[in-house]
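Asks: Annotations per TrEMBL:
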- 134, 138, 141: [4Fe-4S] cluster binding site (BINDING)
- 120-336: domain 'Radical SAM core' (DOMAIN)
């Protein structure tokens with residue numbers, strides 16, 4: 001922060017590129033939602049658009065939504081189209097290019113939908129899709145059909161409708177102990193509407209855990225108010241998983257938002273997506289994970305980018321994912337290493353090279369540095385026969 005009292009300057013990247021904004025407005029999440037950037041004219045106030053970006057924005061008209069909060073725009077490099085923040089938010093021509101094997105729903109939400117909003121994929125937990133709205137429409141969204149594609153939504157015309165059918169399904173299935181609110185971003189709703197949903201779940205005795213998937217701590221941390229956190233604290237245990245993809249996204253504002261959640265008893269985890277040209281290298285990922293630990297966010301998953309229609313250009317290779325994971329293992333503390341997974345129609349599949357190989361009479365082991373050793377079966381039994 002700099003400038004005269006009561007005004008908010010841009011970050012270093014955009015300093016002098018946009019007008020000063022009164023602090024009262026900058027600190028109000030509703031102001032950011034009203035002032036989202038969704039046209040070339042507005043975008044030019046923040047970044048120097050390339051001709052390719054302008055073509056992509058024009059080509060997206062009538063096809064894909066896009067919007068960027070002023071806060072998130074302030075993190076962009078105005079002169080560099082390869083800026084990792086900018087790539088996640090500004091449409092690119094590759095979104096409009098067909099890619100072999102791309103699907104609108106590779107993770108299989110539509111296969112497991114049991115009501116308009118409930119996706120029951122795992123025995124003891126469900127997804128509750130509460131909205132299609134987001135503060136920023138991330139270009140790599142795995143639910144791009146639901147959130148960003150103007151031709152599609154899971155809700156038809158019923159997003160604002162009652163959740164009676166959905167809550168009834170959860171109540172009638174006592175094996176469901178864990179409900180994840182997602183969308184879209186649940187925190188797009190005002191506190192009152194969000195509380196109605198959380199309270200409805202808490203009224204079901206068999207629901208033990210309520211989780212919220214939200215990128216607001218990254219895209220608009222001003223949304224994480226004391227009032228919101230106090231409301232969530234009334235319904236514990238409540239957990240929140242967010243979605244930092246690059247160290248540039250970790251700011252004083254986002255750290256303060258995390259701190260508010262933690263002080264109200266809401267644990268915060270992180271789900272990163274492995275994105276080509278953004279974070280698919282060891283140095284970037286190592287810095288991201290260590291910075292997350294510094295602000296007390298627990299790395300949870302590293303998702304391999306799905307082959308989603310309009311997203312495929314962000315995909316990298318599993319080989320690259322292994323390289324990144326091996327660059328984390330042994331170099332940062334164990335709880336700072338996320339689990340690398342593929343999301344598929346049959347669930348999340350861990351992707352890891354084995355650090356052990358069964359051999360006749362024992363185990364062959366390999367560590368993060370490639371060093372190997374053997375343990376015999378007497379030291380570490382592999383089978384029940386070895387243990388006898």
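We number each residue from 1, going along the chain as drawn.
Every residue gets a Cβ built from N, Cα and C, even glycine.
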Asks: Take the mean position of the Cβ atoms of 134, 138, 141, the recorded [4Fe-4S] cluster site. Which other residues of that chain put their Cβ within 8 Å of it?
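Replies: The surrounding set, listed in chain order, is 136, 137, 139, 140, 143, 144, 147, 148, 185, 215.
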Asks: Suppose you look only at the domain 'Radical SAM core' (120-336); what would the mean pLDDT be?
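Replies: Result for the domain 'Radical SAM core' (120-336): average pLDDT 94.
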Asks: Below 8 Å Cβ to Cβ and six or more residues apart, same chain only. Which residues does that give for residue 138 ([4Fe-4S] cluster binding site)?
Replies: 88, 89, 215
Asks: Look up residue 141 ([4Fe-4S] cluster binding site) in the DSSP assignment and reduce it to helix, strand or coil.
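Replies: The residue in question, residue 141 ([4Fe-4S] cluster binding site), is coil (DSSP, three-state).
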